[in-house]
Amino acid sequence: MMEMTAKSKKVLHAQVEALSRKVEHFNKTELESLILMFNSLMAEQVSRGRPANGLKRGKFRGLLQGTFEMTNAVMMDGVFRSFDKDGHGVIILEEWIRGLAVFLRGTIEEKIMHTFRVYDLNNDKFISKDEIFHMLKHSFIKWPSEEDPDEGIKDVVEITMKKMDLDHDGLLSFDDFQKSVLDENLFLQAFGPCLPDNTVISQITGLKHSTVETLLIHVAFCCPETRQFKQK
């Protein structure tokens, strides 16, 4: 495992202090662990000849697949988009920390904002019937049937819109979505799974570790290259 130099430790300390003033839900020890994890994932990108200013989509999707067992490509792209707040196509350190804070420990209000960003596929601040259809088509299990599955999905879209489109304009605004979820929490992931399932984490570690410790174990288990950094 790589020993940190005095300069690296100083930079790490400064990053922890800065992020602790900006991001809720993590203490300084957890922030340090998550920063080291980010640095390790970045170093692995560079070692394979893919330098970047942040985590690329493919690397991030690998983390979602290996650690959180996400398999829905549409949802994984949406989660990447939710983390990548500035839209530059990579996830920088602060976006990584802010995203994980909501992803792992967010309030219901923060999770509503996250899922809305995931479901707003074209980033126009609304969720349309076409977007809902597209997401549900990639989320539903396909069963052999003589019936046209698209017709069944269209029926679900219409039923859902009637329940959630509170101003009846044919689109789900953030206000529509937020009020619907606060009234019925099951609507939070109505169009596809875009938050981690706690049972996936507990399958390996049980309840012996904090959320961040469990994440570190999962990443080390699924992405061995992250073992290169030395924790305290």
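Counting begins at 1 with the first residue displayed.
From the backbone N, Cα and C atoms, a Cβ is placed for every residue, glycine too.
What TrEMBL says about a protein is an automatic prediction, not a curated fact.
Taken from TrEMBL, the feature domain 'EF-hand' applies to 71-106 (among others). Proximity of distant same-chain residues to the domain 'EF-hand' (71-106), defined by a Cβ-Cβ separation under 8 Å and at least 6 residues beyond the stretch ends, is recorded for 15, 19, 22-26, 31, 34-35, 38, 52-57, 60-61, 64-65, 113-114, 117-119, 121, 123, 134-135, 138-139, 192-196, 211-212, 215.
Each residue in the domain 'EF-hand' (107-142) has a pLDDT score, and their mean in this model is 93. If you look up TrEMBL, you'll see 107-142 (among others) marked as domain 'EF-hand'.
Summarising the annotation, TrEMBL assigns domain 'EF-hand' to 152-187 (among others). Helix, strand and coil counts under DSSP for the domain 'EF-hand' (152-187) come to 26 helix, 2 strand, 8 coil.
Same-chain neighbours of the domain 'EF-hand' (152-187): 108-109, 112-113, 115-116, 119, 125-129, 132-133, 136-137, 140, counting only residues six or more beyond its ends whose CB sits under 8 Å from a CB of the stretch.
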